[in-house]
Amino acid sequence: MNHLYLVLKFVVGGLIVAGTTVLTEHINPRYGGLLAAAPIILTLSLVFVYIDTNADITQQLAQNSFYFIIPTAIFLATLALLMNRFSFAQSLGGAYAIWLISLLVVFRTLAGGIPAPVL
């Protein structure tokens, strides 16, 4: 793999993260949340995977990403709920624990052969 190409991937991803924090801190947390939840990183990943591999692998990435959004949504809901009662660090730890459990459930479900979504 070309090292400059790899650096480009890191820079583009880093710009998205930096943009999210700037929007959140200086403009409005709602806009930061919008950027953080937007499928920008996924889109970039799909583009880079398509360039590096083929349409079949890209389609598999899209399908699997669909399923793994579920644990992420559970993580965010758990974090928001826990932050009402606990410190940020404790809430983050608890949310990650719940995320790992939900991730295992999704993995086991996928291993059981659930049908792929129609995209």
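The backbone N, Cα and C atoms fix where each Cβ goes, and this holds for glycine too.
According to TrEMBL, the feature transmembrane segment maps to 6-24 (among others).
Taken from TrEMBL, the feature transmembrane segment applies to 31-51 (among others). Beyond the transmembrane segment (31-51), the same-chain residues lying 6 or more positions past its ends with a Cβ under 8 Å from any Cβ of the stretch are 9, 12-13, 16, 19-21, 23-25, 57-58, 61-62, 65.
Residues annotated as transmembrane segment in TrEMBL: 66-84 (among others).
Counting same-chain residues at least six beyond the ends of the transmembrane segment (96-116), those with a Cβ under 8 angstroms from any Cβ of the stretch are 63-64, 67-68, 70-72, 74-75, 78. Residues or ranges marked as transmembrane segment by TrEMBL: 96-116 (among others).
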Same-chain residues at least 6 beyond the ends of the transmembrane segment (66-84) whose Cβ lies under 8 Å from its Cβ atoms: 90-92, 94-96, 98-99, 102-103, 105-106, 109-110, 114, 117, 119
